[in-house]
Every structure is written in structure tokens, then in C-alpha cells.
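Colleague: Okay, handing you the structure first.
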Amino acid sequence: MSDILLELLRVSEKAANIARACRQQETLFQLLIEEKKGAEKNKKFAADFKTLADVLVQEVIKQNMENKFPGLGKKVFGEESNEFTNDLGEKITVELQSTEEETAELLSRVLNGNMLASEALAQVVHEDVDLTDPTLESLDISIPHESLGIWVDPIDSTYQYIKGSANVKSNQGVFPSGLQCVTILIGVYDLQTGLPLMGVINQPFVSQNLTTLRWKGQCYWGLSYMGTNIHSPQLAISKSDSETQTENSDREFSSPFSAVISTSEKDTIKAALSRVCGGSVFPAAGAGYKSLCVVQGLADIYIFSEDTTYKWDSCAAHAILRAMGGGIVDMKECLERSPDTGLDLPQLLYHTENKGASGVDLWANKGGLIAYRSRNRLDTFLSRLIQNLGPEKTQT
């Protein structure tokens, strides 16, 4: 299983290279934008875009996993359709070809004969990435590949990616918008139980060299399987902090909460959060990025009450948070739970469609979500949130 996670780390870095390459040339980037239509349109955004970078990333992940682990590529699921229509009205299926030249030829048909751009993209797509992690290489866990499914969001926060703001200032480490909010999300789950098992979050645009204007990124991973919980070494400090909090019950109840939210969050939720968290409520773009803020310990909670996040948005972070002792739960079910429900929380699962839905809504997180790092902190947060959600909630 760790060999799969190692390969996912490599393909996430290759994906990040593609995302960065597509931002180097503004003229090229304008060519890469195609508007989503029909069942593919995410109702949250008035203008939701599909980019060739999105499709390329998804196809690179599929093809690489299929090459290394035959059969697994067919279990890679994601948001993007790999069909493009060029200016001639020609419908083209974007798939990785066996050689760089063949891929460039295919891409040139999407890009209306722009061979310079096509060759540049094909080169990045076929470039080998050497990414190792000693922690993972020393881990020996096996799991049948046939029991795994993979959710991919090739470029989460597409709007921020297209907008390309590079000079947004963070608020206590949390970026409200900008390229830092762009993430590549790869989550592995059990096809039978729906539990998230492995997650990779690659943040392609973390810091920019002001001389060369080139970006460097950062990659985070986690694995939670049959009692083994392990995650990126750079998250170790955050984890020990979290454990200290859970061991100190006084601090659990007294220390203030912090939360990341969507700018489109409902006013009732925002008002309740301002009472629970005071000034520590941080709006930010991108479901993947907001989840990453919780993973990094920049916020205790990511809460979203609407049904416009999807399995590909949450699976990667959920696996990492599970490895750290946290998780992602259904918000609506949490708020409706009675005290005699028991200790189990309604964790999100990843293997079943929403009945009666169509298009992307088949895989929507229908009850909203709450991502958290500490179970004790979550319980306290939920009780305070319910108290502050208005008279009808306080009375129940």
C-alpha cells in the first residue's frame, strides 16, 4: 500500500509541474480555458471553468497508476471530462500517448495547431519526477489493489488558478484567495466500506522567487489503515500540539476556536461562528485549501453548510486527518444528533452515489461538512455552535 502512496506522491508532483507550466505563459493560459456546460457545471460558481491543465493532470494520474498497478487506473475517478472541442468544432479525447511527440500532436489539435504550446506541455507531461520519502519507503503495508478507489481533483480552486493572483497577503497564515489556495487532491478509499485510507494534497504555489518569478510547492500525505496511522513528517509538530490539547480537558473547554469558511457561507452560520470563534474566522478560497489549513493546524475547524463540495474535494484531506486523529463529518447530521445517538460521528464516506441526483450532484457532500483535527475539540465546538445557532436550536 505504501508503494501506491509513493507513486501518488510522484504523480502529484508531476501534476504540480503541469499546473505551474500552464501559468508561465499568459497567452498559452488563455488558450487553455474552456467553459463547463450542462451536467458538469458546478452550481456554486456563475462562471466555472474547465482547463486543459485540469484534464491533463487527471489523465497523467490515471495513466501513471495504470502503468504501475494494472487495473488501478480504471478506478481513478474525478471531476473532469477528458473531452475537448476545438475552434473547428472537432471533439477530441485527451489521453496520454506513448511518446512525447504523439502527445504533442494530440494537444495541438486541442490548441488549434499551436505546436509551440503543445510541445511545451507534452514535455512536462512525459518528464520523470524523482520524489522519495524515507518514512514511506520504510513502511511495509499490503492491501489488495482491487479493493481501492481513487478520487482526484486535478486542480482545486480553478477560479483562483485562472485569476492567478500572486501577491495576496495571508491572515495569520491563512490566504483568503490567490494561487496559494490552489491544490491537487488525490484521495484513496476502500470500495467496500467507503473509508478514506490515503491522501495526498499538493500545493503547487507556496512561494515565488521574485527574481525568476518561478513557484515552489509543498506536498502533504497521510495513511490510515487497520490501526496504522502515519503522515508527512512536517505535520508532526501540529499533531503533538493536537494531542496535548486532547489530554488537557481544561484547555479543551477554555481555549478559543478558529475556523476557516467559504466566502459564500450562510449568514446564520457566519453569525454563530463569530460568537463561537470571535475574530478567528477566516474566509478562504478552495475546499482543498481550507481542509489543508486544518491539516496544517492553521485552524481548528473547516465548516461548510452547503452541498457544493464533492467526494473529490474531501477524500484526500479526510485520509490525512484520520491519520492525525481527526476526520471530516457530515455537518447536517452532526447538528441533528441527539445526546443518546452514541459516540460515533457521521464520517463522510466515498463509495456510494446520492440517490435521485444527477451529474456532479451524484457525488456531492449533501449535508455539508466539518473537518477537524481533534475529536475533543470538535465535540466542544459542536455544542457551542448549536447553542449559538439561534433560539430554535438553543431550545432543543
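Cβ atoms here come from the backbone N, Cα and C positions, even for glycine.
Quick paste from TrEMBL:
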type	residues	note
BINDING	GLU79, ASP153, ILE155, ASP156, ASP313	Mg(2+) binding site
Colleague: So for ASP313 (Mg(2+) binding site), how many other CB atoms are inside 10 Å of its CB?
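Modeller: Other Cβ atoms found within 10 Å: 29.
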Colleague: Write out, in the order they occur in the sequence, the residues of the chain not among GLU79, ASP153, ILE155, ASP156, ASP313 that have a C-beta within 8 Å of the mean position of the C-beta atoms of the recorded Mg(2+) site.
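Modeller: Counting only non-site residues, the set is ASP54, GLY78, VAL152, PRO154, SER157, THR158, THR183, ILE184, LEU185, ALA287, GLY288, TYR310, TRP312.
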Colleague: For the binding-site residues GLU79, ASP153, ASP156, which one has the sparsest Cβ surroundings, going by other Cβ atoms within 10 Å?
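Modeller: The binding-site residues GLU79, ASP153, ASP156 were compared, and GLU79 has the fewest Cβ atoms within 10 Å.
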